[in-house]
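Here's the structure we're looking at; comments come further down.
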Amino acid sequence: MNYHSFLPLRRSSLSHSTTPPSKSRNQTRYIWSIALQNTMAVEDFEAVLKAKYPGKAHAKRVVDLIRKTKPDANGVIYLEGRMTKLLEDNDSPEPFRQRRFFYYLTGCNLADCALAYDIQSSKSILFIPPIDPDDVIWSGLPLSIDEALSRYDVDEVKFTTEVNPTLTHLAKQSPNSTVFAIANQVSDNVTFIEFGSKDFETVKKAIEVSRVVKDEFEVAMIRKANHISSLAHKAVIERSKTAATEQELYATFLERCVSHAAPEMAYHPILAAGKAAATLHYVDNNAPLKGKQNLLIDAGCEWNNYASDITRTFPLTGKFTKESRDIYDIVLRMQKECTELIKGGMIWDDLHLHAHKVAIDGLLALGILKGDAKEILDARTSAAFFPHGLGHHLGMDTHDTGGNPNPNDPDKLFRYLRLRGHVPAGAVVTVEPGIYFCDFIIKPYLDDHVHSKYIDAAVLNKYWDVGGVRIEDNIHVTENGYVNLTTAIKEVSDVEAVSAK
C-alpha cells in the first residue's frame, strides 16, 4: 500500500500554516473542518491496523542488516519475550512490559513466549506457553496454537516445551550455523549445543538500526496512539476549568486513554502547574492549580507497544497572561520553524541550533536577553532557558533506538541531545522546544560574568511565574518533508477557546 494513501493530512493542515477564523460562525466551521479531517485520519490508520503486525517483514530487514557485516550469516535468530516475574515479597506478577526486540519480530504481546527465525528458509516459529490446568482455574484458557497462528505473522506456532528440540533440529539443517540471540535474554533451560557458534551482540544491534525507519503499519500505530492522546489532552484542558489540583487532571488524562482502550502510558505523565513547569521531568502531579498561570502537560499513551509523546501548555484562567503569551509565541515559532526544516537526510544538530537562534531572537525582543545575538549563541547563554535537546526518535520506546547521543560532548548546547547526526526518511521524531524559568538552572548564569552581561535580571523577574512552556509534536520524516502525526491543538486562538469554554 502506498504510504500516502492512508495519511491524507498534509503539511498545510497539520503544521497550522493557515490561520483559522477567530469568531463565531467561521470559527465553528473551522472546528468542524478539523474534526472531519481527524475522522478521515482515524478511518485511514484503522484500515491499516486491520492487518497483522508485520513481524516477518521486520525479520527479513534484520537479516539483511546482519548480512551487511556478516555476508555468509546463516542459522537461527532466537528471541525471548518478557517472562512472568513476581513482585518482590509478593505472589502477584509485576506489571507486564513486552521486550521490544521480541515484539518487533512477532507482534506478540504475551508473556513467557519465544521466537525462532530460520535465516535460510525465512521461517518464523512462535513458541507460546502450554496450558496449565491450575492456571486456567484463575485466569481462564490461554491463547491456543490455532488462535496464535491466526493472530500473528508467523509460519508455525508451538508450545515452549518444544523450544530445545526445535532449535536442535534447525541447527542440524546447515553446518556451522550460528544462533543469534541477545545477552541476558535467554532462559537457563534453553540450550544451543548443536550450533557451530553463538552470537549475542549482532542481532540486537541490527534490530536497533532497523527500528529507526518505520513501515506503514508502525506509523499507523504511532498515529493511533497520537489520536487517543490528543483527545486526552483536549479533555484535560476542558477539565481544568473545574479541577482543583494537578492530580485531577492527571486522572482525566488516564481516564480518556483507558476509555479508548489504551491503558498503558508511554512514560510517566507530567502535569505541572505554574513554576513546576520549569522542572523538565516533574513527576509529583499533585499540586493545587489555584493562583497558577499555566499548566504544562507532557503525556502520551501507547497503542500496542507504540508510543506517543505530546506536550502542550495552556492557560489555567482561559487566557494567557502577557508574559505567558510572550513566551508561548516564541516556543511556537521555534517548533514551527524547526518542523518546516525537516526532511529525510537533514542533520538534527542543525535543527537544534536553529531552535536556539529563534529563542535568542525572541528573548532579545522581550529584553530578557541583551547584546549581540551571535555573541549570545557563541557563549551558549541561551542554554539557561532552553537546556534540553530538541527531540528524539519515537517508536516502541519513547526515547527510541538510533539516537547516537553524546553525553560527554564538551559543548553544553549539544550535550543533552538524545538525537544527533543525519535523520533518515521513514524515522519518527519528536520536535519539542521549550523555554523555562528555572532558578536552579538560571542562577549560575546570573552569577557568571560570561553570561550575566547578556541577561537583564530586571526584565527576567517579570517571567518567573510563567514557569515553562514546551510544545511537542510527533513527526514522520519523509524524503522531501514531513507528516505531523499529532492533532492536539496548539494555536493560541484554539487553546484559549477551549480553555475558556
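Glycine is no exception: its Cβ is also placed from the backbone N, Cα and C atoms.
The Mn(2+) 2 binding site feature in Swiss-Prot is assigned to Asp298, Asp309, Glu472; the stated evidence is similarity to another entry. Swiss-Prot lists Asp309, Glu432, Glu472 with the feature Mn(2+) 1 binding site, giving similarity to another entry as the kind of evidence. What Swiss-Prot records for 12-25 is compositional bias 'Polar residues'. As annotated by Swiss-Prot, region 'Disordered' applies to 1-25.
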Intrachain C-beta neighbours of Asp298 (Mn(2+) 2 binding site), sequence separation six or more, cut-off 8 angstroms: Pro269, Ile270, Asp309, Ile310, Thr311, Arg470, Glu472
Message: Using a 10 Å radius around each Cβ and all protein chains in view, which of these binding-site residues has the most neighbours: Asp309, Glu432, Glu472?
response: Asp309
- prompt: Three-state secondary structure of Glu432 (Mn(2+) 1 binding site) from DSSP?
  reply: coil
